[in-house]
Amino acid sequence: MLQLRCVKGGLRFLAVKRVSVLNAAFQSSQHVEYKPIKKVLVANRGEIATRVFRACTELGIRTVAVYSEQDTGQMHRQKADEAYIIGKGLPPVQAYLNIPDIIKVAKENEVDAVHPGYGFLSERADFAQACTDAGVRFIGPTPEVVRKMGDKVEARAIAISAGVPVVPGTDAPITCITEAKEFSNKYGFPIIFKAAYGGGGRGMRVVRSYEELEENYTRAYSEALSAFGNGALFVEKFIEKPRHIEVQILGDKHGNVIHLYERDCSIQRRHQKVVEIAPAAQLDPQLRDRLTHDSVKLAKQVGYENAGTVEFLVDKHGKHYFIEVNSRLQVEHTVTEEITDVDLVHAQIHVAEGKSLPELGLRQENIRINGCAIQCRVTTEDPARGFQPDTGRIEVFRSGEGMGIRLDSASAFQGAVISPHYDSLLVKVIAHGKDQQVAATKMSRALAEFRIRGVKTNIPFLQNVLNNHQFLHGTVDTQFIDENPDLFNLRPVQNRAQKLLHYLGHVMVNGPTTPIPVKAKPSTIDPVVPPIPMSEPPAGFRDILLREGPEGFAKAIRKHRGLLLMDTTFRDAHQSLLATRVRTHDLKKISPFVSHNFSNLFSLENWGGATFDVAMRFLYECPWRRLQELRELIPNIPFQMLLRGANAVGYTNYPDNAVFKFCEVAKENGMDIFRVFDSLNYLPNMILGMEAAGQAGGVVEAAISYTGDVSDPTRTKYTLDYYVKLAEELVKAGTHILCIKDMAGLLKPKASDMLIRALRDKFPDIPIHVHTHDTAGAGVASMLACAQAGADIVDVAVDSMSGMTSQPSMGALVACTKGTDLDTGIQLEKVFDYSEYWEVARGLYAPFDCTATMKSGNADVYENEIPGGQYTNLHFQAHSMGLGNKFKEVKKAYAEANKLLGDVIKVTPSSKIVGDLAQFMVHNGLSREEVETMADELSFPLSVVEYLQGYVGIPHGGFPEPLRSKVLKDMPRIEGRPGATLPSLDFTKMEEGLKSKYDDITPEDVMSAAMYPKVFEEYKDFSTQFGPVECLNTRLFLDGPKIAEEFEVELERGKTLHIKALALGDLNKAGQREVFFELNGQLRSVLVKDTQAMKEMHFHPKALKDVKGQIGAPMPGKVIDIKVKEGETIEKGQPLCVLSAMKMETLVNSPVSGTVKKIYVKPDMHLEGEDLVLEIE
């Protein structure tokens, strides 16, 4: 803890020490010996060290670099002729503050002069004196002047003596909090603490109230001590909204001092300059004269030599106040060089050699302003998170260049590691033009050319500054950033290529990201799309729908001669055969062929149902984008989706407005026909879905879920009369089309004839549509029977995606009806071409293909009544659990579970309930009788309990008793439609919440989040990390590339990546492997965590985002102070700990109130971003 008590004496003598006034005339009369410099050591790092090395090389001077143990990979040490390590065993910053080591390197290596750069020791008089005492020239002012100017209190006294106006402030550094309170009592708030022995925003804190005083004093003292080795502070009255103008001065050993005009450094954050401009925009010429005159006068007052900067604040009335002298080269010296054509580093070196300014051609009358220059400091900071420093490895670095652009950088290159130990500056970009607007245009263009990946940068923020009207056409002050929150409306960086490399590397190291049911590899052969004409596709039934509306469309369907087909290949077929894993990538490729050759299809079933959540959950695609892209490629064929009534596309109940909104958005995105069903045929749920689809302007196709066998007189629950009466209710409710949804393939030919004929007789004007599965192998026969009995439409899948648990074969139906009254009008040859594409495409999905474990269909479906898709899934599950030889028992248990629940309609989600109960029975070895007897003792699956409570709806014939009462006991029961009592969703609020977390949220995203909040969040997080994986072909997506494999990835039209996988590195100590690629001819590499290895290695735990009480480190850094203890009760906003990164301290506050459960960190511990700091409960 800091000692805040007052200390008598101390540095107070500086306030009363006599101000030395050197006689400039006498000094200029002295003889100054010219001593050429042959070797220069730069006591600094990064870009300023490189800048000096370049100047030395131009002058023929040999260079020496020093570096810390943490900087072995930094570029500045490679730019020098010689490089030596300093500060072994010291913390990173302290290494560069180690004067004895630096002097030792200089002496041992015959160094003539030392250049201090900026920061570190550049304003330390003891360093300048140590150089002089060692016989090494210090490229800067004399030690005495450095001392006077470096101590801002004495510099202030000198300014007063010279008649330069100053801001009210303390006469000496303060030594305790009491003195700060006394000053604030006298001058009032706001006040500002400033480090007495350094600048750059370190140790600088604005205080606006007594409550903030002590904390800010502590933080300012600590920062100053860390950055400059001395925590002394002084206090000033804080000038509100000033311009920060500084004047570049240059003096020599002969008493000459000139100015090189001013720079405007008003655009700052945390008192650190972000953008600098020379000359200052719209500066009154008389004010410019006063500023430059006072600067030269002050410099001559102290006998200033070499380069320096006099800094002023200019208030809104045009009154200027001296604030400090920086007795060194400034970061922003570059803009002065650009507009004056004076190389300041050359001048520094020549002055140190003894040359006079006139000898260098530098006379005040010759210094002219040429145009305007702007400097942007590109830093590894995240503007969206309060400019928090970011650290890590630069994976990609490509800079902006061209006419009028200068880059001053150091370790900005691919592979460079940005550590938390030093300043976050990456590269300085300087633009020069004839005026500020031209310079800003060049800067914007250059920043747009930058590609920096692996760490976040402030480039999007800088681009906003450069496009700001006030910046371009007016003047700015130090509150510019705070008063322009639109600067933080940052355009997201796409970074698509590098993210995709991360994904490919992840798959190469850790295997597929989507769960793989069987150990089979995707085929290496890509399907070939059959030839497609260049013309527009022919008109189809969608043209009728768009022209005549749903009612006219239904009439046209009913009047159509011949049998119409709906193709399920794009949805239900691959849901049944390939675990719903077919990707948009493969659907898009064949879509134009379908559009041109199957325009007479009734519709394509391509959306809704399980495809919606699987797209996000396992394929990491946006289901809405799939719909949009397919609609664009197939404009002529109606699209059909599966709507689970009041459950929309989910597995639970939603508020009514969510269902209505979903249908509205689906229709807007190209959906045409809504097949509405309910898993229990519960009429209230179905009618809600029908109303939602109808209100959205869609075609309503009410679907009756079929079970049982109407041709079997012994099956008395689901009789022909039951289906006809249910159909009557749906027709009364306004359905445009009537559908029979035979999800298990139970319709036998005789039953098909009976059911469809009865419906046709009852409803002669309503189109009838029949859907089935071919699990038993009788699907083609049953669909032909339906067609002959009066059905208008039947469902099929293309041959290579048909049969078994999928739909009947398209080719078979086309061939069997050819030349008859039921002729489909589809060319059989085109079906063969279509089938060939999918036969090869199916090989890409070998890890999900049901034929890996299931070799044929089975007529036992007539007994167990398992729906097609679920039949496949249960088969997979049985084999994955080693129960493949017991699948017969699983199917038997399913039939028993169905009877236990009262013989229910079985389709998602009711089929899942039956399946859960069946697996529960198999796992626990329970018979149907045992379950009934022990029902009040067993812990049933949650889905079963919720079904019995009424959360799914009310089954035909009611709930089974006494099973229901035994299971529920006193648990609540739902009466009526489950979703009727749910409160409406606030979509506006939901959208605002999503936009606060993610970029580019669309209305479609809001609906995805409404349906599947957790799945959507995981999908967005995945996309943020790995980019547009939908651009990858399916084999690469599932299995990744082979070493030495070359391939192309089309990001968008006209933008194609050429990638080659090169090598996979060994495991490093962080549990990572480096994966090497060649991208567009350039070497790229990514670091990938080896998840298996990570399990065997110990790492600091990370804070979980969804656990509110887990507090993570907001940035990488070192723990300076912990302000709470375990068991302590804390309030929201209370300080928890202090972190330091890049010499900037950050206070971590509690986001919640509670009790500190556990602290995971200790002082001096180094943390990575999101490392767990503590837990609050």
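Glycine too: its Cβ is placed from the backbone N, Cα and C atoms.
All TrEMBL annotations are machine predictions without curation.
Here the structure is a predicted model, which means the values were calculated and not measured.
Quick look at what TrEMBL annotates:
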type     : residues                       : note
ACT_SITE : Arg328                         : active site
BINDING  : Lys152, Glu236, His271         : ATP binding site
BINDING  : Asp572, Lys741, His771, His773 : Mn(2+) binding site
BINDING  : Arg644, Thr908                 : substrate binding site
DOMAIN   : 156-353                        : domain 'ATP-grasp'
DOMAIN   : 563-832                        : domain 'Pyruvate carboxyltransferase'
MOD_RES  : Lys741                         : N6-carboxylysine
MOD_RES  : Lys1143                        : N6-biotinyllysine
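Report note: the ATP site is defined by Lys152, Glu236, His271, and the residues of the same chain whose CB lies within 8 Å of the CB centroid of those residues, excluding them, are Gly169, Ile192, Phe193, Lys194, Ala195, Met204, Phe234, Ile323, Glu324.
Across all of the domain 'Pyruvate carboxyltransferase' (563-832), the predicted model scores a mean pLDDT of 96. Cβ proximity to the Mn(2+) site centre (mean Cβ of Asp572, Lys741, His771, His773, cutoff 8 Å) flags the following additional same-chain residues: Thr568, Asp742, Met743, Thr772, Asp795, Gln807, Gly868. Highest local Cβ density among the binding-site residues Lys741, His773 belongs to His773, counted as other Cβ atoms within 10 Å over all protein chains shown. For Arg328 (active site), the number of other Cβ atoms no farther than 10 Å from its own Cβ, over all displayed protein chains, is 29.
Thr908 (substrate binding site) is 13 Å away from Asp572 (Mn(2+) binding site) when you measure Cα to Cα.
For Glu236 (ATP binding site), other Cβ atoms within 10 Å of its Cβ number 21.
On a Cα basis, His771 (Mn(2+) binding site) lies 15 Å away from Thr908 (substrate binding site). His271 (ATP binding site) counts 17 other C-beta atoms within 10 Å of its own C-beta, drawing on all protein chains shown. Rounded to the nearest whole angstrom, the C-alpha distance between His771 (Mn(2+) binding site) and Arg328 (active site) is 82. In this entry, ATP is bound by Lys152, Glu236, His271, whose most widely separated C-alpha atoms sit 16 angstrom apart.
Rounded to a whole value, the Cα-Cα separation of Arg644 (substrate binding site) and Arg328 (active site) is 73 Å.
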